[in-house]
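Lifted from TrEMBL, the feature list:
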DOMAIN    524-573  domain 'Cationic amino acid transporter C-terminal'
TRANSMEM  85-106  transmembrane segment
TRANSMEM  112-133  transmembrane segment
TRANSMEM  140-164  transmembrane segment
TRANSMEM  238-259  transmembrane segment
TRANSMEM  271-292  transmembrane segment
TRANSMEM  313-337  transmembrane segment
TRANSMEM  410-428  transmembrane segment
TRANSMEM  434-455  transmembrane segment
TRANSMEM  467-487  transmembrane segment
TRANSMEM  493-512  transmembrane segment
TRANSMEM  524-543  transmembrane segment
TRANSMEM  555-575  transmembrane segment
Amino acid sequence: MNAKEQNLSKLIQIPYTQLVSWELSMASPSPAYNHHLPFFTSVLHSISQTPNRLRRRLFATWTPEQELNQVRERSGANMMKKLEWYDLVALGVGGMLGAGVFVTTGRVAHKFSGPAVCISYIIAGISALLSSLCYTEFSVAIPVAGGAFSYLRVTFGEFVGYFGGANILLEYVLSNAAVARSFTEYLSTAFGLGEPNSWRIEVGGLPEGCNNLDIPAVVLVLLLTLCLCHSTKDSSTLNLLMTVFHVIFFGFVIVAGFSNGSPRNLVKPKGFAPFGIRGVVDGAAIVYFSYIGYDSVSTMAEEIKYPSKSLPVGIGGSVLIVSILYGLMALSLSYMIPYNEISEGASFSSAFQNKVGWKWAGNVVGAGASLGIVASLLVAMLGQARYLCVIGRAQLVPSRLAKVHPSTGTPMNATIFLGVCTASIALFTDLEIVLEMISIGTLTVFYLVANALIYRRYVSLGANRPLPILLFLLLLTASSICFSIAWRLQRTYWWVMVLFGCLTIATTAIFQCKVPCSHRPLQWSVPLMPWPAAASVFLNIFLLTSLKKRSFQRFGVWNCVIVLFYVLYGVHSTFQAEEGEMERGIQRELTLVGTDNPNSTSQQSKLEV
């Protein structure tokens, strides 16, 4: 083979996507980016290019291999692989146990579900288990720290991934702030103080709900931030110890509750479900906040020794354990005290101190709950930092946040930044303001992940058309929304619910029979597809429609902010990074070809291709 043929063969090996990008940039009257333009001129140029860049970047996808290699390399150092399956189970259990049952049970029992709060936890647990199956398949196939952000980005493109990642980040920060504030309430009961605000500083002139400054919550968040910056494995070991003690403590509370209660409290004063079935479902949407800890487990994928074996056990096992414990805890509280006498804040401590007469047990509950809340907060802050780190790798936020410290192997910049944000919100914001906002963001992201799993399983680019799968997802969503709206109406539209319920089942059955599965992972996959993912879509929509109007208003405002940030910053940052990186790769290939054959010019090689 002569030199000319060798050069041609090397150029043909350049990836097709890079050649297309190079061709478009060469055809453009102006360069894709120019570092030599004055700042103001560069900004105006970027704004003028926004429609074109949106078209190029909105649905740009990465392959799992690129996520695992090329994108991960942008963090510099790698995260250290030291976690085992038992670390993941402990992280999942610790991340879920501390937050929900102590923060939401009293409020939901008092205002929504009554003694049937245990049923609310079961409904939320089933939905969480279905969503966790979807997460598990993705995390085994794409073991990176990005969680839902990475899963959505490789399936539906950059914007959908960014949308999901931004919402899950908001959920993490708000939920961590809420949990940190509840830590102060339970810690005060551990020291025998009955007033939840006894350790908070009331400031005049601030709006109601933001006028009680919580210094202990801020101190806790900052201390955990320093711990997470030091080492993931040490943080996991600390969580494992706290989780073991916490499970023992849960057993004590359950036994003590059933030993000091009465079956009459489950049916008096107004029956087992005093607010009806709607109240039980409304309560399930709020307590769903209690199950978000398993999402943090999937973000540990880069730090696990054997992801394909450890992730299914860690995610699924932790959800099952926590669902059982939550149901028993909620039932023991209702067994011990009538629902209308349950305190909304520090409900378990209050029940032991004021109703049972075990003041010492109230102090123990306060101490145990405080320990569990610390474990939950530790796991959630682990997850939020890794989300932001991978979003930084994608250049959707400043890339400095993606850096991994070479000596500790942790995303230190992202951990510190989000720790400061969480502490700032925990200082001012009351629990009532954030709880429903947390649930709506979580349910939306889990809904998107379930859709992504169906799309990924049944679409094979080049082999079949995505249109039938997209139509099925659209019809599934529409029928689920119609069923849920009929459920929410004050009058009974039972025939509408039957119609759309049957339509949902029939659509899924026809889809399973008519559309062949194009991709089945070899390592681990969700069984009986598409039924688990379709059920997850239905339940997430059903729980979403039970939230209040104000939740959707706040959710809409937040999403307007993140879309504006994407248009003004994210799309330009990723365009310059991704397109520039592709062009530089082409130039390196062309340079290598020119070096191998000095007699042929670069331009001649381009024309030959």
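Note that Cβ sites are derived from N, Cα and C of the backbone, with glycine treated the same way.
The shown structure was predicted, so the numbers you read here are calculated from the model rather than taken from an experiment.
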Best-contacting stretch, by C-beta pairs under 8 Å, relative to the transmembrane segment (112-133) and drawn from 140-164, 271-292, 313-337, 555-575:
271-292
With pairs 6 or more apart in sequence, are the transmembrane segment (238-259) and the transmembrane segment (467-487) linked by at least 3 Cβ pairs under 8 Å?
no
Within the same chain, where does the transmembrane segment (271-292) have neighbours whose Cβ lies under 8 angstroms from its own Cβ atoms, ignoring anything closer than 6 residues to its ends? I mean 6 or more beyond.
95-96, 99-101, 103-105, 107-109, 112-117, 119-121, 123-125, 127-128, 171, 175, 319, 322-323, 326, 339, 380, 435-436, 438-439, 442-443, 487-488, 542-544, 546-547
Within the domain 'Cationic amino acid transporter C-terminal' (524-573), count helix residues (DSSP H, G, I), strand residues (E, B) and coil residues, in that order.
39 helix, 0 strand, 11 coil
Limited to the domain 'Cationic amino acid transporter C-terminal' (524-573), I'd like the whole-number average of pLDDT.
87
